Amino acid sequence: MERSVPPPSVPPPDSSADEEEPKASTTNSYTSTAACREPTRVSTLKREEKEKRQRERMEKERRELEEKRVKEDEMKKEESSTTAQHHPSLGERQSYVEEPPSTTTTLDRRDRKAEKALVRRITNEMQMATYVQQIDLSAVKQPVGAYTQGVFRIRMLRFAEAAIRRMLWSVGKFLANHKLISLLIALAFFASSIILPVVNRQHMFIDLPFSHIFGSGSDVISNGIGIVSKSQEFNSSNPAFSCMNWRDSNHFAVLLRTIQSRDTILRKDAVLAYTALKKKLDHFPVEKREFLVQCSLECENDKDMVDRIIKKSPQVALTYPETFVSMSKDSTNLTRVYLGAAIGGVETDTDGAISKATSLLMNFELKDDLSGKEHAAWHNHFEDQTRLTAAPNISLMAWSPETFKAAVVATLHDQYWCLQFCLAILFLSCLIGSFGINAYQSKPCLGIMIFVTLVAVSIAGFSMQFYRNLPVDPLVYPICFVTIGIGLLWLFQLHFSWSRYSSAAVHPTEKIAFILSHDAPGIAASAVVIVTTFLTMGLVISNGHMVSSFLGIASSVAILLVFTIFFISVFVFVGGSREARGVKWYQIFKTGDTQFTSPQLASFDSSSLFSLHDRLLDARPCASRAVGAFVISPKIRYPILVLCTAFIFFAIYGFVNTGIDIKEEYFLPSASSEKSFIEQYREQFGKTTQFMELTIENSIEYHDHEVQNNIFDIMDFAIEEGYATRAVNWLSEFAKFEKASIYDVNPDTFVPVVNLVFLPSETYRKYASDIIMDRFQTQIIKSRMYLELTVKGFAQRTTFVDTILKKAAAKGIPLSVDVPSSMSLRHDISVFTSGMVAFGVAIVMLFFVSLLLLGQPALTVMLLITSIAVLGETVGYAYFWSVPMNIVTLTMALAGNALTCVIVMAFCYSYSMSGKSQIRAGVRIQYTFQATLVPVLFACIVPVLTFLPLLYVDVPVVHHLFKIVVLNAAASLIHYLFFLPNMMLAFSERFGFSCTSLNCAELCCDMDDESSIYYIPTGGRAIHPEGLYHHPSYTYAPKPLMNAPPPHYLAITAPPVNSIYGQADYASRGELKRESRRHRRRSESSIGETENDGTPRRDRESRRRRQRRAMSRDSEIYEDLPSPQRPVTSSSRSNSPRRQQPGSIRRPGAGPGAQQPRPQAYHYDEGAQWRPYVQPSPYMFYSGPVYGQQQGR
């Protein structure tokens, strides 16, 4: 069978004599011609011999052109007999298109070759035009796995992103030319954010945070039925149901406790110390009691009786918790006195008598109308007396609201003092992150500016709380760690974007505009989403701490966006320009090479923008891409699914079982006397303080048996469900009294009988303080009852209170509830509701704003799912880490959701903007990890490290906040590494549906403006077109649109594909893999390793080769792009752009991969030379030309 005749082989220009060296042929693909060497290095004899060979070759070419076509066997025979070295066979050829003589040689040589070069070029173009075939990707059936559709975008919502992109392009151009003005704009915004602190500087002090956390309302919770706004208060507390209010500024207490657990406090010396101290404190000023609150006469008598009983306790036996004594010597009546509030740690015998007691307690309550001076005088007297009083084997602990406040404020001062060490860690982290792989890519100045930016936005967020004209909420500062994480993600993402794209083929001004318009729209959209969401949350929620935190995050992120665009971008541009000029970071006064490639995009053009991304992208294998490939690999996907399922299951279990709790101890140091007092009080008197107070707030028909039964049902429900051990109810006692009495109780006599008969009796006089009559003593307007709570009742008090109030409301009873032993019952009831309302508002705002700005349903769905999951996991695993949920920790968890949202939006946006060269979902995910992995690691790890110095303050609330920060960062990072990639893979491959009703289109290919070939002038150098096939994105792009190329330019965008040459000679897949591995082993990524070269743009060839060629100082740059087929062997020093000398071309068979010929395209023009820049090809991937005959087969 006769073989088809390929296009004629046109011999290439004679290459340099240096090509004959074996070592040189393997270390450099392109060599200089001998004409470019210095005359002193080549002898006259060699030059004449070379010119003679060149003339012979040119004559041979002329004869070949005149003969038109010569059979291949005849050509091989002639080449092997005469000039086999200079006329290889078609199988050894690297290209059909030949290069004209170098324009940098002498005028004589150029004139002699001009005509021949023109004829040769035209002939080659005519021959190549027959075999260049364009294949539209959309018309070719893709093999499985070769292409996967991306997520979808709603076309009707593209206007927001397009507007942001165009605006940021203009901003990039502006700040590159007006750097100082851009910096002033950012500083002006920061100055405006600190106006409020300057105006309200009188409130700039640290005080107790409880007014912000709990508010100023009462802790009594009511069902809202018939509640009177200004109801009368009870005269005094019931002695049997009293508890200390730790936040009451008028309440003082002294606790005497035995040092030895086997001792008893009811001994003479201890009792004498107790009575002496109480007498001194009761009668201050001397012989007066005008500072203390005076209760009713019966109440005062009971207090005196308790003091007398304690004084006599070493001599008489006492029952507990109530004892019976005679009020006078002559009286035979016994009076019931309650001792449970004064004697604690009691052990009784079989008869109920006290056998041992370990503590004595005395309480003092000051009047509310005391002046500050009088209050200070009492406090000083209290401190002096407690310090002077002592007894053997007795420890005395005092409780003062002033000392409690001082201890809490001191811990807050310590926390703010430790923030300076947090700033030091943040500074080191930013500085370390700014150093690159060499001195050219290192930008420590940019790292310092990132630190300054983070400090500025933290101050701006803290300043937002001054809008209320109230004292500062001192527990707002933890939100700074959230904004630090967001700032690290955005700023380092912008910093690393510069190195992710090639610098040699684009002007720095154009590159910063490109980065801002391509990558920064995601940052801007994320900032708008976060600001809008948290601003709405702050306006909806009423809790002061939540409002301050949410508005602080909104203001911080807003200022952060301004600084990112106008402040950090300037330093990114300055640092990138110095890198492009070949100046190291410490060479402050060196200018470098300022001859950049001319800007090619005069105005904003989306098609050129996206095409430029595909050309500039560095898609070489790296660690971040390897991580992306690993987490979506089939072998690891199912183990990840199992682990993630278990992870979520445990989070759900913890979330369901978590409880709401806040205590005074959480704000006190572990070694403080105040915390010891509270712990000892709860240990000694805890059994008598765990109760619930139920108050009927309005007048009801107590005599009605149906009403009585409704009240009894509520009490019985609490006991039956295990929330209470017993109910103390005056109404039930009156019902027993009614049955045993001789009085006729009816609606008219009910109140008189209660007031005149029931309460004065010795048995029931203890209920006298629980009933309030009207001024005419005709009706009961308020009464209270008690439930002694179990451990379950106190732990689940929020659920219990809610159930009790609902039952009372259903029966029409105006009921209010209080749990005095809880720090704030209103906080416990409202914190979960406030948190859910805030999170619900966040979910709604995230849905609408993200969909409106980015128009990507998949992004919105992943954002909502991840936000819900991360918050649930943070709260759930806080249960396993013993972190209580309260307004402080829950607010921090909700604030941390901002970082989670930013991470998700950064991931999804980078995936959607991966470019047209990333044709598979797996490759897109690798690109996403390349763009976001390191910034996300910084955002999740650095805030945790920055928080560490605060652990020096030994306060539980600080440790709780640290654990919440760790849990939120860990959950966000786990979702980023394992959940998001596989979820995005599922959206792309499994759920890639088309939503025609919303006018959706595929996201990764949804670009109306197509790309075009991009030309870069090369300053009179003939560029080797082999680099065209080295670019990784050569294989795929949409339909080509060309900018105007140079005259007579033939754009060869794909290798020739023609069936007449057969397909039997493709390179085997194993050879391709070996070549790919060889390429990865040889490729080097450093651009500034050598110290003695001028700039990183200068030619970086081996020293032996550099000694033999002239050092070109051209002002233009050529960037040699990597090959997807055959590795480009480069110097170990650098991967910097090479300068190709005119007339140089590879010798056939030289270097690795010579057995895989590849077409080449040269453009010849007098004066101006052009090279084809990397263009994402719209055609199928082609491993190399296929010819009917190849040598060696």
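Glycine residues also receive a Cβ, built from the backbone N, Cα and C atoms like all the rest.
According to TrEMBL, the features are:
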- 1-14: compositional bias 'Pro residues' (COMPBIAS)
- 24-35: compositional bias 'Low complexity' (COMPBIAS)
- 45-80: compositional bias 'Basic and acidic residues' (COMPBIAS)
- 1126-1161: compositional bias 'Low complexity' (COMPBIAS)
- 1-113: region 'Disordered' (REGION)
- 1068-1169: region 'Disordered' (REGION)
- 180-199: transmembrane segment (TRANSMEM)
- 416-437: transmembrane segment (TRANSMEM)
- 444-463: transmembrane segment (TRANSMEM)
- 475-492: transmembrane segment (TRANSMEM)
- 520-541: transmembrane segment (TRANSMEM)
- 553-574: transmembrane segment (TRANSMEM)
- 638-656: transmembrane segment (TRANSMEM)
- 831-854: transmembrane segment (TRANSMEM)
- 861-881: transmembrane segment (TRANSMEM)
- 887-911: transmembrane segment (TRANSMEM)
- 932-952: transmembrane segment (TRANSMEM)
- 958-980: transmembrane segment (TRANSMEM)
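Of the Cβ pairs linking the transmembrane segment (444-463) with the transmembrane segment (831-854) and spaced 6 or more residues apart, fewer than 3 are under 8 Å, so the two regions do not touch. Two recorded stretches are said to be in contact when at least 3 C-beta pairs lie under 8 angstroms, sequence spacing 6 or more; the transmembrane segment (638-656) and the transmembrane segment (520-541) fall short of this definition. For the transmembrane segment (831-854), the neighbouring stretch richest in Cβ pairs under 8 Å, chosen from 180-199, 520-541, 861-881, 932-952, is 520-541. Here the transmembrane segment (887-911) does not lie next to the transmembrane segment (416-437) in space: the count of CB pairs under 8 Å, restricted to residues six or more apart, is fewer than 3. Pairs of Cβ atoms less than 8 Å apart link the transmembrane segment (180-199) most often to 553-574, out of 520-541, 553-574, 861-881. Residues 209, 212-213, 412, 415-416, 419, 426, 429-430, 433, 450, 453-454, 457-458, 461-462, 465, 523, 526, 530, 545, 548-549, 552-553, 556-557, 560, 564, 568, 888, 892, 895-896, 898-899, 902-903, 906, 932, 934-936, 938-940, 942-943, 946-947, 957, 961, 965, 969 of the same chain lie 6 or more positions beyond the ends of the transmembrane segment (475-492) yet place their CB under 8 Å from a CB of it. If you count C-beta pairs under 8 angstroms between the transmembrane segment (416-437) and each of 520-541, 553-574, 932-952, the highest count goes to 932-952. Within the chain carrying the transmembrane segment (932-952), a Cβ under 8 angstroms from the stretch's Cβ atoms is held by residues 414-415, 418-419, 421-422, 425-426, 429, 433, 481-482, 484-486, 488-490, 492-493, 496, 624, 627-628, 899, 902-903, 906-907, 910, 958-959, 961-962, 965-966, 969-970, 972-973, 976, all 6 or more beyond its ends.
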